[in-house]
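Straight from Swiss-Prot, the features:
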type	residues	note
BINDING	Asp102, Gly103	Mn(2+) 1 binding site
BINDING	Asp102, Asp317, Asp363	Mn(2+) 2 binding site
COMPBIAS	413-429	compositional bias 'Polar residues'
DOMAIN	67-372	domain 'PPM-type phosphatase'
REGION	413-442	region 'Disordered'
Amino acid sequence: MGGCVSTSSKSTCSSWSNGEKPVRRPYLGIGCCVSKRAKRTFSDHIVSLQNLTSIPNRITSSSKSRSSCIFTQQGRKGINQDAMIVWEDFMSEDVTFCGVFDGHGPYGHLVARKVRDTLPVKLQFFFQTLQSKQNCSKGTRFRRNSSKSAVQEAVKEGSDEDKLKGLWGEAFLKSFKAMDKELRSHPNLDCFCSGSTGVTILKQGSNLFMGNIGDSRAILGSKDSNDSMVATQLTVDLKPDLPREAERIKRCKGRVFAMEDEPEVPRVWLPYDDAPGLAMARAFGDFCLKEYGVISVPEFTHRVLTDRDQFIVLASDGVWDVLSNEEVVDIVASATSRASAARTLVNSAAREWKLKYPTSKMDDCAVVCLFLDGKMDSESDYDEQGFSSATNAVESDDGQRSEPCLQRNFTVRSSSDQENETYGNVNTETDAEDEKTVGDQNWLGLQGVTRVNSLVQLPRFSEEKSKT
């Protein structure tokens with residue numbers, strides 16, 4: 001991936017001083033190279049992205065790894081717009097990166113997959129850059145100060161855990177910002193009215209770092225004092241009606257309100273047009289709303305894991321629409337095998353969709369289950385034949401299958417007799433009834449009407465409205 005990446009949790013860092021040999025110092029469990037000769041450049045990103053498919057311990061399609069399993073199933077709304085990733089040995093042996101990305105809009109599936117592939121590389125790059133700068137600054141300061149005063153200053157700076165939190169926090173912020181900037185300037189991907197959520201976690205030893213935008217969610221399954229499983233929500237669903245989110249959007253002249261036929265779903269609208277109706281306050285892409293309060297700044301949190309913590313579940317809102325946190329934890333904990341936990345959870349969500357909302361179209365579902373003890377089942381019951389045929393029909397994560405690129409429709413709900421009218425290109429590989437829409441959180445059955453995360457109607461910037 002460029003630079004010096006340790007293959008051990010006890011990695012070291014090198015620095016040159018007056019032509020002497022490199023002095024190696026352990027620092028925060030992740031190795032880096034502070035020599036100017038080994039400084040990473042943007043070209044390293046290109047090389048990294050080109051070699052993604054050959055990286056070991058990185059999975060992006062329904063499968064399992066040493067300590068995790070992932071599964072996705074296409075809903076009844078067109079091409080699967082969900083993407084997911086588990087990357088073990090991420091920079092070092094004790095680091096694991098996981099993420100779920102739920103796309104929305106005409107090209108949401110392409111945005112979600114672009115973020116899935118690029119964001120981890122950017123996160124790695126910014127962490128190593130920040131770590132190198134901090135180590136160089138630390139080395140200069142120690143040479144200038146006496147030994148006693150240097151030690152005292154190091155104590156004042158705080159523990160390694162605090163430093164680690166600060167580094168990862170800044171790396172998450174910078175990588176999310178850089179990811180959104182790359183989407184804005186992408187020559188072949190129209191993100192004006194398309195975007196993606198992003199719930200990501202990074203586990204390093206007992207430290208858990210989380211960066212989240214949108215309404216995908218991460219939860220923690222733990223044992224209480226009675227050895228009963230309990231659920232803890234790790235991230236906040238960043239909806240437009242949250243006070244701090246609504247305040248920011250309104251301050252930027254955006255509007256937040258719900259439609260009459262779905263009063264429980266607040267949406268973000270342009271100042272002078274009832275478009276695009278985004279059902280979240282933060283997202284990658286969606287540049288038509290970036291000047292009106294929608295941001296790509298992640299909510300970053302840190303948690304120290306304990307021996308009672310058993311597993312972490314990341315999922316798109318297709319799961320959370322029909323299952324509670326407690327139900328998800330119970331389903332994963334009671335799965336016949338760890339390798340099949342993600343698939344079992346998606347199948348349970350699919351059944352709930354049919355029972356609770358028989359007239360509604362099921363949303364895409366994507367699940368990542370990370371088991372914190374690092375163990376999986378010895379038997380392999382997660383073969384390819386167990387996967388949904390719908391999943392296989394749309395997955396092209398590794399570039400082995402081509403899909404109809406930029407072929408996703410979107411639905412504009414304008415009147416009762418045009419509820420399912422579609423605009424854009426038609427995907428010939430799906431049934432005509434499969435409108436290309438994406439569901440959002442807490443969906444109520446609406447007599448078969450599909451609810452979408454973004455009511456993508458091209459904005460009409462009329463002068464008459466701007467004057468009123």
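Along the chain as shown, the residues are counted starting at 1.
Using N, Cα and C of the backbone, Cβ positions are placed for all residues, glycine too.
Worth saying up front: this structure is predicted, and the values here are computed from it rather than measured.
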Message: Using a 10 Å cut-off on Cβ-Cβ distances across all protein chains shown, tell me which of the binding-site residues (Asp102, Asp317) has the largest neighbour count.
response: Asp102
- request: Would you mind pulling the DSSP three-state label for Asp317 (Mn(2+) 2 binding site)?
  value: helix
Query: From the Cα of Asp317 (Mn(2+) 2 binding site) across to the Cα of Gly103 (Mn(2+) 1 binding site), what is the distance in angstrom?
result: 11
Query: Tell me, how many other CB atoms lie within 10 A of the CB of Gly103 (Mn(2+) 1 binding site), whichever protein chain they belong to?
result: 33
- request: Could you tell me the mean pLDDT over the domain 'PPM-type phosphatase' (67-372), as a whole number?
  value: 92
- line: Cα-Cα, Asp317 (Mn(2+) 2 binding site) versus Asp102 (Mn(2+) 1 binding site), nearest Å, comes out at 8
Field: Asp363 (Mn(2+) 2 binding site), number of other Cβ atoms within 10 Å
entry: 33
Statement: Quick note, Asp363 (Mn(2+) 2 binding site) and Asp102 (Mn(2+) 1 binding site): C-alpha atoms separated, nearest Å, by 11
